[in-house]
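Worksheet for the structure shown next.
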Amino acid sequence: MKAAVLVFPGSNCDRDLAVALRGAGFDVEMVWHKETALPKVDVVGVPGGFSYGDYLRCGAIAAQSPIATALKAHAEAGGYVMGVCNGCQILAETGLLPGALLRNAGLKYICKTVPLVVETADSAFTSGYAQGDTIDIPIAHHDGNYTADADTLAMLKAEDRIAFTYGDNPNGSDADIAGILSANRRVLGMMPHPERRAEAVHGGTDGAAMFTGLADALVSA
Amino acid sequence: MQEPAITPDLIAAHGLTPDEYDSILDIIGRAPTFTELGIFSAMWNEHCSYKSSKKWLRTLPTEGPQVICGPGENAGIVDIGDGQAVVFKMESHNHPSYIEPYQGAATGVGGILRDVFTMGARPIAAMNALSFGEPAHHKTRQLVHGVVEGVGGYGNCFGVPTVGGEVRFHAAYNGNCLVNAFAAGLADADKIFYSAASGVGMPVVYLGAKTGRDGVGGATMASAEFDDTIEEKRPTVQVGDPFTEKRLMEATLELMATGAVISIQDMGAAGLTCSAVEMGDKGGLGVRLDLERVPVRENAMTAYEMMLSESQERMLMVLKPELEAEAKAVFDKWDLDFAIVGETIAEDRFLIMHNGETKADLPLSKLASSAPEYDRPWVPTPAAEPLEDVPGIDPIDGLKALLASPNYCARNWVFEQYDTMVMADSACLPGTGAGVIRVHGTDKALAFTSDVTPRYVKANPEEGGKQAVAEAYRNLVSKGAKPLASTDNLNFGNPEKPEIMGQFVGAIKGIGAACAALDMPIVSGNVSLYNETDGQGILPTPTIGAVGLLNSLDDAILGDVREGHMAILVGETTGHLGQSALLAEVFNREDGDAPHVDLEAEARNGQFILDNAANINACTDLSDGGLAMAAFELAEASGVGVTLDASDTPTLFGEDQARYLIACSFDKAEALMVAAAQAGVPLTTVGRFAGSDVTLGGTSVPLAELAEVYRTTFAATFA
């Protein structure tokens, strides 16, 4: 199993995501944003951080990076993509996922561990959970307030593409959405950080199943 | 362009006294140019030269087998075994933060991070010790929001976890807030980089952000008191760009790995001037700079402005000429400015050329070494008046009053605005004494804390100085970490006043004695004087940042309190209420002496905790609010109630030192009793953790009710 983790200038959770993927058995290669091609991998991780300083708009400049074209091609060819936090914002900016992330409703940056509800187990990323499970996963963002128009929200719901919702909405997200899936269920974007809750040292391991579940799904596929 | 004439007014405006100007004339044998005057003022101001404090700083213990590099470089370096080292320092950004809270605090964080990665260490932890005026003061709310957002805005983007810090409020900070930023990094002990240049004719390379006019004269501003012209000083505050700093850090570490770096110095206070002089002086070399090569972001900058600019995110390096191409490739990759701006020279000169004109030509070693040094007159702080009678109080009412005060309520409103978990090695988050960070890729961990109790230092500078170190020691020990070393950030008022200088001298004596007794040498630090507004000084605030080592995370004391655990007090209780939190918050009194610190008892009791960590589930030190506060904190963290047997105010709220509260099972308590008897450590069972109420002296209240007050007061006061 192979994974690539993209590195943009300002990415700062790239190492953390790579560590979590390696922990689930992936060979991980870091890919610099100026590259125009991806190595042959099963999964591309788009990490958290502040790509390009989050100047202009979170994820907007990264979505125009040379590697973004290859990322879109990988997704369109049915490859797996996991975007966490800034990575989730980047996936929204590339159009791989619908909707946008606005400034938190309280206008403050929030870093804390919050309860998430697993809304669907029907994806490689969430196959390690059961629908309805509540898991504790940290958030750390200033712009995690998910928004989409009513039709998009209805579609996400109808197609069972809401992966996670917040148990206690911390940022004003529409429909309490914390993470969503693409139509083919192979692109996941989520604001919370499963890689920060993957080892005992983190105070809990609720995030580990995201990576092991993904690995298991790839092995059995 | 015509440079201004050197007049007495211009000299005074540069913060130089007539005597200091006379020494300049002696050193160079002629009148300085305008640029030279600026350079002298940058090198000789209090902030850069430590001219009032040097004499006393020399008395601090700075050595030990664990110390790889003590004060004098960008940061201190301490051995943590297995070929690794922790690199850390604490530094103030007080004056800028009061003038422009967001940028002042942000660039304070940026500056300290740069100090750490300049030495080849990747930052792994940050802390911030913040002191504000009283909550009701009209400036306080704006400062709290601005400073906290600035700290978060910079550190979160850079990607370093904030693991601890302090937030306090007192009327003495109404006109001067304190922002003390700490950073620690991890390096291989044999791959540390220093500032001393070597070799003649080596290229002096500028990298990072472009130079602008921001911060010109900032260090001089930070060496003066405030008055009603404060708004005019706003342009001396720099503007931070954490995105550039993150790239600068990655590029610097990559560049170091290529072997191209001979020496390196970040541009902090007094920018290009201080960094170039430092590199030359430490290497016994001269430096020539050609300023037209300096990357600038504004037109028509003068030599004076370029030499004094404090634009952020800049570095100066001396590189191996044969590896210039490799070096350039790294900086091109990260899209950072890179320019050769001068060279090392054999003569002892600091030669500043601009478009072919000589703007400054000074003897470099004299410029570095002959900064004035003052033995300021000082008077010892008079002994505190004895404590007046303290009326009795229902203990639950006393505890509630503390939990409902901005000084002792939970700080989650602050810490949740900081990224406390990036790098995914956080083993213990802020809010419980010390933060703990795993050493990446190992089973080891480092613990971090910052402490001082300014009201103690004011009442009794020497005991207060000791107490700051002792509390830091205890906070590390409470997590099972062996204290390794410390950094000091000494914030005081105007040192030209003998009573302020007396506070400084007393505090240094206490800090020195405690650091020696507890084997926590001072390896780095910073002094911030002139924290006064209209003649009103702050409380003396010598912040101690300290680092401890856990050889294995298995040794950490990070457990929960469980139903049925015993509450066991380590150390001796006499019920010292002078200068206590209860006295200040409930009775609005600050009288009596500070508690005295028995350093032998501190060392003995601390060692006892470390030796018996396996029998301790949870532990906290006793400090502000004494036993009652400590018991509440342990109970609240685990959601288990607590009953304390005592009911009298001195036992519950006294602030005697060298004490810890432990939670453990009955069986483990028995083992602890035996060990304590052998070690000569006083151990007392003071109550029990159980149920869902907090019971003190027969009065009960639901834990949830107290927790609600504790968790919501901060936001209710400031949000």
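Cβ coordinates are placed from backbone N, Cα and C, and glycine is handled just like the others.
Note that the structure is predicted; figures quoted are calculated from it, not measured.
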Additional site residue, B:GLN238, B:GLN265, B:GLN467, B:GLN579 [criterion: listed by TrEMBL with B:SER92, B:HIS93, B:ASN94, B:HIS95, B:ARG114, B:GLU310, B:SER311, B:GLN312, B:SER528 for substrate]:
B:GLN238
Report the candidate from B:ASP9, B:ASP488, B:ASP560 that shares the ATP site with B:TYR50, B:LYS89, B:GLY525, as recorded in TrEMBL.
B:ASP488
Which has the fewest other Cβ atoms within 10 Å: B:GLU91, B:ASP115, B:ASP488, the binding-site residues listed?
B:GLU91
What does the structure give for the C-alpha distance between B:LYS89 (ATP binding site) and B:ASN526 (Mg(2+) 1 binding site)? Integer Å is fine.
8
Could you measure the widest C-alpha to C-alpha distance across B:TYR50, B:LYS89, B:ASP488, B:GLY525, the residues recorded as binding ATP, and give it to a whole number of angstrom?
16
Considering every residue in the domain 'Phosphoribosylformylglycinamidine synthase linker' (B:14-51), what is the mean pLDDT value?
92
Ten-angstrom check, please: count other Cβ atoms within 10 Å of the Cβ of B:HIS47 (active site), all chains counted.
26
Using a 10 Å radius around its CB, how many other CB atoms surround B:GLY525 (ATP binding site)?
28
Just to verify a number: CA distance, B:GLY525 (ATP binding site) to B:HIS47 (active site), in angstrom, no decimals.
12
Residue pair B:HIS93 (active site, proton acceptor), B:TYR50 (ATP binding site) - Cα distance, angstrom, rounded:
15
Pop the Cα-Cα gap between B:ASN526 (Mg(2+) 1 binding site) and B:HIS47 (active site) into the table, whole Å please.
8
Summarise the domain 'Phosphoribosylformylglycinamidine synthase linker' (B:14-51) as counts of helix, strand and coil residues per DSSP.
26 helix, 0 strand, 12 coil
Spatial neighbours of B:ASP266 (Mg(2+) 2 binding site) that are distant in sequence (at least 6 apart) but have CB under 8 A:
B:ASN74, B:GLY111, B:ARG114, B:ASP115, B:THR118, B:SER275, B:ARG314, B:MET315, B:LEU316
